């Protein structure tokens with residue numbers, strides 16, 4: 001073959017393959033010094049330059065269909081020599097071929113003759129697959145999750161709450177909100193009634209009333225109507241969130257209303273005590289007057305009897321006077 005000038009593409013590919021296979025065999029001999037590849041020599045180096053062995057064809061196919069990251073083999077320079085078999089061609093290999101072989105050594109080793117390394121990698125991969133996907137792996141994953149859940153519970157003391165308890169919480173919130181609304185309504189009603197009672201008209205007389213009797217009957221419809229409207233207007237889920245929001249928002253208002261309610265209750269109790277004392281005083285006056293009336297009635301009865309006696313005496317005296325006049329008239333004759 002010519003030593004310089006333009007060379008055909010077939011000879012260039014053949015020389016590159018021969019150099020690549022020689023280097024591969026050398027690397028395989030370094031990895032497995034006792035293997036059959038080191039003692040058998042290089043069968044591809046003995047083949048003629050014009051003919052391609054099956055292994056060479058496989059190598060070319062693997063090189064052409066290699067990974068995307070591997071660099072394409074560069075053609076040697078026109079002045080490069082075109083013959084050299086064996087290990088002597090390794091130093092003269094093109095830099096492009098070295099780069100390609102360095103970037104994909106694993107693909108070259110796997111595509112060659114079936115060696116001991118490929119045989120060892122297959123059971124290893126099978127073992128790894130068996131470890132990753134099997135009942136033991138699922139069991140280990142479940143144990144890890146249980147351990148994490150235990151650690152969470154241990155650190156915080158919080159247990160997962162089922163949905164039923166959440167619904168119970170919402171219902172409790174609704175009940176508490178209804179009670180607060182009812183108390184607020186009763187408080188407002190009591191304040192209105194007490195203000196109306198403490199400011200009577202000057203021309204009218206003051207009559208004490210019991211607020212416990214008058215309040216429920218008068219304001220029963222007003223307290224029950226908003227609850228019915230809320231229950232009809234909002235579903236259960238909306239009412240739960242609405243009640244919780246209102247409870248958080250009306251917390252200071254409820255505290256102030258409770259304090260005012262307590263003060264109002266104390267004032268009402270004092271007022272009730274005063275009214276009871278006044279009532280007792282009036283009852284005593286009425287009893288005294290009734291006693292006086294009874295005594296006066298007895299005196300009137302006595303006077304009526306005396307009057308009757310005096311009328312009888314007067315009639316008797318009139319009769320006596322008539323008789324005396326008759327006697328005197330007879331005597332004068």
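Cβ atoms are placed via backbone N, Cα and C, with glycine included.
Feature annotation from Swiss-Prot assigns coiled coil to 255-333; the stated evidence is sequence analysis. Under the heading compositional bias 'Low complexity', Swiss-Prot lists 1-14, 33-51, 66-80, 105-116. As annotated by Swiss-Prot, compositional bias 'Basic and acidic residues' applies to 175-185, 235-248. Residues or ranges marked as compositional bias 'Polar residues' by Swiss-Prot: 186-196. Under the heading phosphoserine, Swiss-Prot lists 224, citing similarity to another entry as support. The annotation region 'Disordered' is assigned in Swiss-Prot to 1-262. Summarising the annotation, Swiss-Prot assigns motif 'B30.2/SPRY domain-binding motif' to 62-66. The motif 'Nuclear localization signal' annotation in Swiss-Prot covers 138-154 and is backed by similarity to another entry.
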In DSSP terms, the compositional bias 'Polar residues' (186-196) comprises 11 helix, 0 strand, 0 coil
Using DSSP three-state counts, the residues of the compositional bias 'Basic and acidic residues' (175-185) come to 11 helix, 0 strand, 0 coil
